[in-house]
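TrEMBL has this to say about the protein:
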- B:9-30: transmembrane segment (TRANSMEM)
- B:95-304: domain 'ABC transmembrane type-1' (DOMAIN)
- B:99-122: transmembrane segment (TRANSMEM)
- B:134-157: transmembrane segment (TRANSMEM)
- B:177-197: transmembrane segment (TRANSMEM)
- B:235-261: transmembrane segment (TRANSMEM)
- B:281-307: transmembrane segment (TRANSMEM)
């Protein structure tokens, strides 16, 4: 027996009975990808809060592993032949964690609160006349015109429509709710929440899972663990050590550099759980010189080789990344590379010639890189290297993410605190459809930071929303890809996979579009 | 004495007021926007503005500062922008691990460094002296996080004697508490031990040259008695001063140590708050740290009278 076991023995002997009982429960100890600072998945778009949302709340509809939308809280829905009325019926037996029954009034209030913040729903909203509760179990959408994307919006994973009690959902969408009461498979243990350190969920005994087997986020969400305990470990080396010694059971986002180390440990499984890769984005400020000139943006794109970026982030792990030379998520129905030839140039020399031809006169380029965000920082440094090799007048500003997100809001010239290039990452989910593809928007001041303006892109985007058959949608997507790469408001940088790691005694891990813990167990 | 203590305690008020103004002003002019962090990539500029307004961040500097000071005077440090929890609650959740780490480090460092310094002075020029000085140089030179990683590798990963990370509350037992804190305390204590050992040695060398030490020897006092009763007591004032100043080192080092060992203390709370621009939390924690530092200095001043009866306040 080693000293630590001896100490543990002594400690266990000294523990009171309830603590022993707690130790015997099936608690999954998780290192989350970030600190859970807010509990309201409508108020903030942080992925960690969304993951908390999946534990606590349930969804009306949900996405399966193939991306299809399936019923979750609802039994089903019926669309009138004219397409102007869609009625949803809730399953029986749905209860909130405070014991109250889930009613259609809760659903309607939750839909309205979520719709005020969800970009997808905001596209559809002009077509929605009313959402009303018909009785305790049925609610109805009355539409001004048919909205084929309605169920897709309600069942999306990107910004999920979580159902909360009406009294909470009545809170303004820009005010944070304090109580995390939902009807999901786990209930939040508020007393044990220590932001920055620990968050705990306990199995909700009153949850009635669907009978179907789990399939992505659809199907039966059966809580098999008694508790899920998140411990924030900000230092990746410490997190890896905690996984190695068995102090933690599950690490959501292990650093790519540490994956070989984890793989060498027989007690640790390293696998891809998320169905989507993470996409790199190099964004230009289209308002200020030199990148107010599309020809200069295109010249830089000619020098880009996505593989350099992806190696910088994810190393040479086999299957760790893939190039994706289009604006839509690879492997999804809209993915195409029509007009993507420019991204396949991969030539500094040709880019230099194009830059000279575009009329670059040595204007200063300010690239802002977040040093505290390893992946985005790596992307930024590769672009900085390309710009230097192109002979551009580069100023690399290394700062933290908090400063970057403020600075990117500045429309000023670089001499007055503005910026020229920033980088970010986005989930494959968020780039799969034009309705929530942020970087495709080209509506000037309303567009994402960088503020590109292009009437053709906006026209095509609206055309896709209106398209009724998949073939037409596909044609519009091809035109969008071509136009987006002509405008070149951003350069797609390919995608890398973000695997997770768990101890071998953890069972039931399945692939899904988000990190969730139902159906998982621990031996 | 009592009047002195009261005067010193009252003197902390303007100090704290200056610190408060300084911290608030710095945060006001520093770049970063919590509303943008909260809103995320999906938000429109209008969304960010609405969140900023809902948080009251669009109001003028003086209004915000006045309100904050008024709330502080009523014991209300405000509410975290992100967690919606009172700052006092967040500090309460985090104060025990930091306090534990600092107290254990302090005890460990003083109990190791002072004898080291005394022995080094006694054996000046010997291999012991050189070893102590060598250790002091090493303690100053090797960063806390490197020591932390090395200790965790040896004692947690290789030997499996101690946990890699985390914190167990004192109320759950002394040994579990110690098991979690011993490595961080050693890692954090390195530089502190080096500092105290060097000062102790230097001061002791000076004191050991004094006439009263020679007199004590002539009267037949033993070596231990000479070193620890006669010399060390007279060398105590500068040593205590350095221990006090070192509290600032500990506060700074705790930030790194808490990150390496995933200890949920005030250091990590501060770093997280700074990265997110959670202004009320940053202001609360910095104010607390400065208050603690002022109090420690007061305590050190009062301790002088114990070691040197000639000092009177």
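Every residue gets a Cβ built from N, Cα and C, even glycine.
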Near the transmembrane segment (B:134-157), which residues from the same chain, at least 6 beyond its ends, have a CB less than 8 A from one of its CBs?
116, 163-164, 183-184, 186-188, 190-191, 193-195, 197-198, 253, 256-257, 259-261
Selected stretch (most C-beta pairs under 8 A with the transmembrane segment (B:235-261)) from B:9-30, B:177-197, B:281-307:
B:177-197
Same chain, outside the transmembrane segment (B:9-30) by at least 6, Cβ under 8 Å from its Cβ: which residues?
61, 64-65, 68-69, 72, 277, 279, 282-283, 286-287, 290-291, 294-295, 298
Same-chain residues near the transmembrane segment (B:281-307), Cβ under 8 Å, at least 6 residues beyond its ends:
1, 5, 8-9, 12, 15-16, 19-20, 23-24, 27, 68, 72, 77-78, 80-81, 87-88, 90-91, 233-234, 236-237, 240-241, 243-244, 247-248, 251, 266, 269-270, 273-274, 313
